[in-house]
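TrEMBL annotations:
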BINDING   159  Mn(2+) binding site
DISULFID  47-64  disulfide bond
DOMAIN    78-213  domain 'Cupin type-1'
SIGNAL    1-37  signal peptide
């Protein structure tokens, strides 16, 4: 994943309250069996996605429109210049541009998102980003980004972005999938439906059971 900082401004993709749990959860997440997934390679010049298979000609990822019927609109999207509302608990909004928005991305293995960050008055406007390497090092690698900077998050690693500026921030991220999924670790761990057995989280995070239940109550109601 590439993160490209646009204007001089920023905030947390994940809040500081959840960042602590995200980094700890790296231990739990990486203890699971490894799994790999990727988009299919293209078999023709283009494979514009189509929702109705009865009108499809080729199958490669999503059903494909006959390449001879491809139009410019299938490769086009407009609206990434529009600021998004960031008045939510995490102070950021992600606008995806994937195969759902641009059918022509089908089988190409790429997509894009715009990320709007609300301000957090801490220091002069910059975006603080980083990721944690896998077990057993669990090494934190961070960087402060300024307008025009680019940062890479390796696939599958816990990562974060935090706006330490005084104004709103905008960043663009390129993703190595035509239809990527997103997991906010704190929401997944403490806000799952139904909730994870608190005893599991007590062991994984070495927390008091009452603390776990309190976090679950907050995130569960936020998610549901």
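Glycine too: its Cβ is placed from the backbone N, Cα and C atoms.
Cβ packing within 10 Å was compared across the disulfide-bonded residues 47, 64, and the lowest neighbour count falls to 64.
The distance from the Cα of residue 47 (disulfide bond) to the Cα of residue 159 (Mn(2+) binding site) comes to 32 Å. Residue 159 (Mn(2+) binding site) is surrounded by 20 other CB atoms, counting those within 10 A of its CB over all protein chains shown. For the pair formed by residue 64 (disulfide bond) and residue 159 (Mn(2+) binding site), distance between Cα atoms is given as 34 Å, rounded to the nearest Å. Note on the domain 'Cupin type-1' (78-213): mean pLDDT across this stretch is 89.
When DSSP labels each residue, the domain 'Cupin type-1' (78-213) comes out as 22 helix, 40 strand, 74 coil, counted as helix, strand and coil in that order.
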